[in-house]
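S.K.: Pulled the feature table from Swiss-Prot, pasting it below:
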type	residues	note
ACT_SITE	75	active site
ACT_SITE	119	active site
BINDING	55, 57, 59, 76	Ca(2+) binding site
DISULFID	38-98	disulfide bond
DISULFID	54-143	disulfide bond
DISULFID	56-72	disulfide bond
DISULFID	71-125	disulfide bond
DISULFID	78-118	disulfide bond
DISULFID	87-111	disulfide bond
DISULFID	105-116	disulfide bond
SIGNAL	1-21	signal peptide
């Protein structure tokens, strides 16, 4: 093999190693957003649900502040169950249909169906739960876990 070919091969290998270190992007958030819009018939933009309460953001801790926040906690728990089954919920693309106010999951493999069911349940829960503008809060201050709060008081 020529030295130039070895250099090209080495460059490709280094590029692939660098690309593998890039975190995957949450691909299904667009689908989840579409399910939310379908379920609530476009009454509230999806971005309103970001940073709502203690669980409607990345991660979550503490006690859910209301019914809508409980929807988000249930959704987080559902994604946790999906991960235990070997699924990657943020990367799972699935099929669904939007019938006004009644989205439905379509066919797919076990993980796609499971993740779609998580998103569908959350979207329907969001649609029926009241939205309180006061709960778009700073989670670092308001949503500490009980253990963390106990440690601070000792």
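Using N, Cα and C of the backbone, Cβ positions are placed for all residues, glycine too.
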S.K.: Using the Cβ centroid of 55, 57, 59, 76 as the reference point for the Ca(2+) site, which residues of the same chain not in that list have Cβ within 8 Å?
M.R.: 54, 56, 58, 60, 61, 72, 73
S.K.: Return the count of C-beta atoms lying within 10 angstroms of the C-beta of residue 57 (Ca(2+) binding site), excluding that atom itself.
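M.R.: Looking across every protein chain shown, the total is 16.
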S.K.: If one looks at the chain holding residue 118 (disulfide bond), which residues at least 6 apart in sequence have a CB under 8 angstroms from its CB?
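M.R.: The answer is 75, 78, 79, 81, 82, 89.
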S.K.: Select the closest residue to residue 59 (Ca(2+) binding site) from the following disulfide-bonded residues, measuring between CA atoms: 38, 98, 105, 125.
M.R.: 125
S.K.: Do any residues at least six apart in sequence from residue 72 (disulfide bond), in the same chain, have a Cβ closer than 8 Å to its Cβ, and if so which, in order?
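M.R.: Listed in sequence order: 49, 52, 53, 55, 56, 60, 64, 122.
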S.K.: Identify which of the recorded positions 76, 119 has its Cβ surrounded by the largest number of other Cβ atoms within 10 Å, counting every protein chain shown.
M.R.: 119
S.K.: Would you kindly give the Cα-Cα distance separating residue 143 (disulfide bond) and residue 71 (disulfide bond), rounded to the nearest Å?
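M.R.: One finds 16 Å between the Cα atoms of these residues.
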S.K.: Measure from the Cα of residue 98 (disulfide bond) to the Cα of every one of the recorded positions 57, 87, 105, 125, 143, then give the nearest.
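M.R.: It is 105, whose Cα lies nearest.
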